[in-house]
Structures are given as structure tokens and as C-alpha cells.
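Engineer: For reference, Swiss-Prot lists these features for the protein:
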- 3-23: transmembrane segment (TRANSMEM)
- 30-50: transmembrane segment (TRANSMEM)
- 58-78: transmembrane segment (TRANSMEM)
- 87-107: transmembrane segment (TRANSMEM)
- 109-129: transmembrane segment (TRANSMEM)
- 185-205: transmembrane segment (TRANSMEM)
- 221-241: transmembrane segment (TRANSMEM)
- 280-300: transmembrane segment (TRANSMEM)
- 303-323: transmembrane segment (TRANSMEM)
- 334-354: transmembrane segment (TRANSMEM)
- 363-383: transmembrane segment (TRANSMEM)
- 403-485: domain 'RCK C-terminal' (DOMAIN)
């Protein structure tokens, strides 16, 4: 490869990435998932598109996709809170194992019938498309305001269900090559090995990387690179030992994100940009890899297979996998069934048969790509609508315009939050002394018309003021309400109820004041928080609702899996 060719590749790559970034701004306006835009640009640049670029280097695509997945999952793990694991670890692992087996089996049997394949080849297609995709889930769920139980279950499921799909794919390829039709007992051993090594090396490698980052003094710009290289090393070593590298790198990121770590905010900001670059690069390459003209002959059976998986296989797997977990409402189960987002992982798994030289490998790849397109276009575009219909959305708390960590020490939790006040903010016109600031927070600076003010307690806030507030992450909900817009309060009342009560209030007192219906089944000395928690039957999340004693009780605030505040409204008005 000469210098001219290398420069041409640089130009081509930069043009494609730039176009992807610029066109991504249209995704929200058009209601199209941003990943579809990245994929479409790759297809347009490919052999059947305007670019006409011939690309069929499957090993290179496999390399780029795995590297990108490692970066995306490392970033996703860092952003997963430990509280999410307490709420959703059991259900997510059930869906990542039993759920994938059921989805793959049902989809595989349908594929064998639709494409006139033998049962083993059909099951291979089912295994390829059987798992949800972490990149798609993290990208499309962000900013939707889902309750914690639903969002955590979907995110942890997407980060942990790939080992089962990868193992099923590799096992079925081997069985097809050796003309086997029955599984051996080694199947179970290999599954345990995949999950076991992924968990062990992921947690152990994350802990070792954390200690290294906190112990060694480096220029601030090198900490993100050390975290990135360490995460990729965990991914690579686990994969080389026949474990799940995808699960390992996700858990490695989880350890880094939930323990005190030096230069946390610099690492997170760098990872955010790298994760976007990884998604763009991965979907561009996968878009280049497909030949759209090959999708037309299989369009009808592939569409039927997609609909079967969306409306039959996925819901059956979800309802079966969540049977032991009574904390999920019917609406939550239906919504989780709908969010079976497929993305890069099925396409990457479809490369395995190509590299193994299976006779119908091209068909497997084209079917997987078609299923991914249908999933992103159909399920991805209706995600917001489905969440509202299922009532799994909770009112969003106002967020700061920006936040910067005060990296004085790894154990230091303090941050600076920046809020800009628009006309619809409640606090506009209020004096600083009248603001009910959360304990241990301070207004560090006030800017007005680009000038630094020297405020006093009598200074009144105006539209356009910029406030710099020192606080901690736990203060964000209270600060968000303080600096939130006026309209959402009406939404809060409609969602949580007209009355927000402290969870430590005695149930007997509340029953007397509000004249509740028959409550003989309840210990009158218990608090309303204890009563609601018992009725939920699982770790509570904001937005949990139970109907009891003629009222709807809604968890309005919680801390460390303990209910702090509860909304109350008449049950007959709950669906308005």
C-alpha cells in the first residue's frame, strides 16, 4: 500500500465520520435512531450505494467491531450505578441466559421453516440474532426517563447476554461442520466457563486497574488512556482464555465507575467521545460490509422472521425469564418485551459463519442484517411512544447545563454544577437568601450578562443568570427541582399525586387524616414506606405504583433502596 492510497483512506474515513456526526443532528427531528443513520451512511458509501466502495474484508470488520464493542461496554459499565445491580441483577441474568435460549430456539425453528433450512442451520440463525445489543440499548435508552427497574434490567441484560449468544453460535457452527445433531454435556461446562471467566477476570482486572490508576501519579491526560488500554487488555485476555470478553470489559468499567478513582471526570469525558467514535466506526464498517441488493430476495421471509421474533419469541422469553420476579408489573414486562433491540452484535456473530466457511454463510449474514434493520427502524423509532403507553416513564429532574468534577483527591465527591436560568424557572425573581439549598451545597459564582457578580443574600435572580453550584451527585435531584422549569410541576402532581408524604409517617395517621378505606390487613404501627415496600415486593424505584385502600401510592423519592417520599392520589384518577 503506497502513501497515496493511505492518504486516500484517511480522506475517505474522515469524510464518512464527519458526515455521520453532522447528519446525526437530524435523527431526533426525524424520529430515526442515530445508529440507523450511521448504518445508512456506510451502506450509501458501499458497493450498491453512491460511493461504490467494494468492501468484503470480514476479518477486518470483525476486528474493528470487537474493538468498538469493548470501548462502548467499558464506557457503559462506568456509567452503570451499583444501585442498578441491586435492583436488576437477578432479572437481567435470567433474561441473559434463559431468555436468550428461548428467543434463539423459537427464532431458530421459525428460520428453518421460512428459509427451508435444516434445524441446525435454523438454530444457528436464531443464535446469531438471539441477544440484544449493548450499543443500541445504551444509545437509544439514554434520555428516555425510564424508571430505574426497567432501564437497569435492559442495560445489564444487554451487557451480559452476549456470552450465551456467542457460545451458542460457536457451538452450532462446530456441530454443523462435524454433522452433529445432539449437544454433549460439555455444552453446560463451556457456558459456565464463559460466564465464570468473564465475571472473575472482569471484576479482578477492574480492581487491579483501579488500584494502578489511584497509585501511580501521571499527567491528567494519561489517566483516560491507561483506563482504556487496561479495559481492552481485560477484554482481550478474557477472550483469549475462552471467556466472555464482552462481559469482562463491562464489569471492569463497572468497578472503575463505582469506586473512588483519580481523574474520574476526565476519564468519563474522554470515554464519552471514544464511545461515540466507536459506534460511528463500527456501524460504518458494518454498513460497508453489506450488499443491499442481496437483501431483496430474502426480504419477505426475513421480515416475517423479524416480526415473529418481536411479537412472539421475545415476549415469551421475557415473561418466562421474569416469572420468579414479582416486582415487575405487567406494563413493565410488556415494555421490556418490546425493547429487544438488535444492533452490531448479531451482525458481528453473522461474520463467524463467513470466517468458518459454512456453505450458506452469506444467507446467515444477510438475514441477520435484515433483522437488525427491522429492529432499529421498527422498535427503535417507537421506543418513546411505547414507554409512554406502558407508563414506565417518570418525570425528569432538571439537569445542570454542565458539570465538572473537582478532582482534588480520588475520595473527593465534590463537583461544580452550572445552571442557566430561563424565564420559566421557579427561582427567577427570588432572593438568594430565600433559596432552600440542599445541605452542604454552595453557590460559588453568579454570572449576569457575562459579568461575574458579587452577590449578597438580598440579590434577586434574573432570567439569563448563570449559577455555579458546588455540591455532590446526591444533591442533583434537589438542585434539579430548585432550578427546574414551572410546567413539569403539574406533571409531577399528575404522576405522583396531589400530596407528597414522608415515608416515615405512620400508616394509622395517614389513614385517619385521609379517611382511607378498609385497612384491617395492615399493621397500623408500620410506616407508609414499610407498607408500600411490602406491597411492591422488590427493591423500590422511583415511579413504582401500588393501589391500596382506595388510593394509588407512588414512590416519589428513594435513597439506598429505602423509600423516602411517597405520592398519594385517589385510585380512580390514576389512569387520567
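Including glycine, each Cβ sits where the backbone N, Cα and C put it.
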Engineer: Counting only pairs at least 6 apart in sequence, do the transmembrane segment (58-78) and the transmembrane segment (363-383) share 3+ Cβ pairs under 8 Å?
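Structural biologist: These two segments do not touch.
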Engineer: With DSSP as the yardstick, break the domain 'RCK C-terminal' (403-485) down into helix, strand and coil residue counts.
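Structural biologist: Secondary-structure composition of the domain 'RCK C-terminal' (403-485): 13 helix, 30 strand, 40 coil.
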Engineer: For the transmembrane segment (109-129), which stretch among 3-23, 30-50, 303-323, 334-354, 363-383 has the most Cβ pairs under 8 A?
Structural biologist: 363-383
Engineer: Summarise the model's confidence over the domain 'RCK C-terminal' (403-485) as a mean pLDDT value.
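Structural biologist: PLDDT averaged over the stretch: 85.
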Engineer: Give residue numbers and ranges for long-range contacts of the transmembrane segment (87-107): same chain, 6 or more residues beyond its ends, CB-CB under 8 A.
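Structural biologist: Same-chain contacts beyond the flanks: 123, 125-127, 129-131, 148-149, 152-153, 155-157, 160-161, 163-165, 168, 191, 305, 308-309, 312-314, 316-318, 320-322, 324-325, 328, 336, 340, 538-539, 541, 561.
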Engineer: Excluding the flanking five residues on each side, which residues at least 6 beyond the ends of the transmembrane segment (221-241) place their CB within less than 8 Å of a CB in that stretch?
Structural biologist: 66-67, 70-71, 74, 197-198, 201-202, 205-206, 209, 212-213, 247-249, 252-253, 256, 262-263, 266-267, 269-271, 274
Engineer: What same-chain residues lie close to the transmembrane segment (30-50): Cβ under 8 Å, and 6 or more beyond its ends?
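Structural biologist: Beyond its ends, the transmembrane segment (30-50) has Cβ neighbours at 12, 16, 19-20, 23-24, 135-136, 139-140, 279-280, 283-293, 343, 373, 376-377, 380-381.
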Engineer: Counting only pairs 6 or more apart in sequence, are there at least 3 Cβ pairs under 8 Å between the transmembrane segment (334-354) and the transmembrane segment (280-300)?
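Structural biologist: Counting Cβ pairs under 8 Å (6 or more apart in sequence), the transmembrane segment (334-354) reaches the transmembrane segment (280-300), since there are 3 or more.
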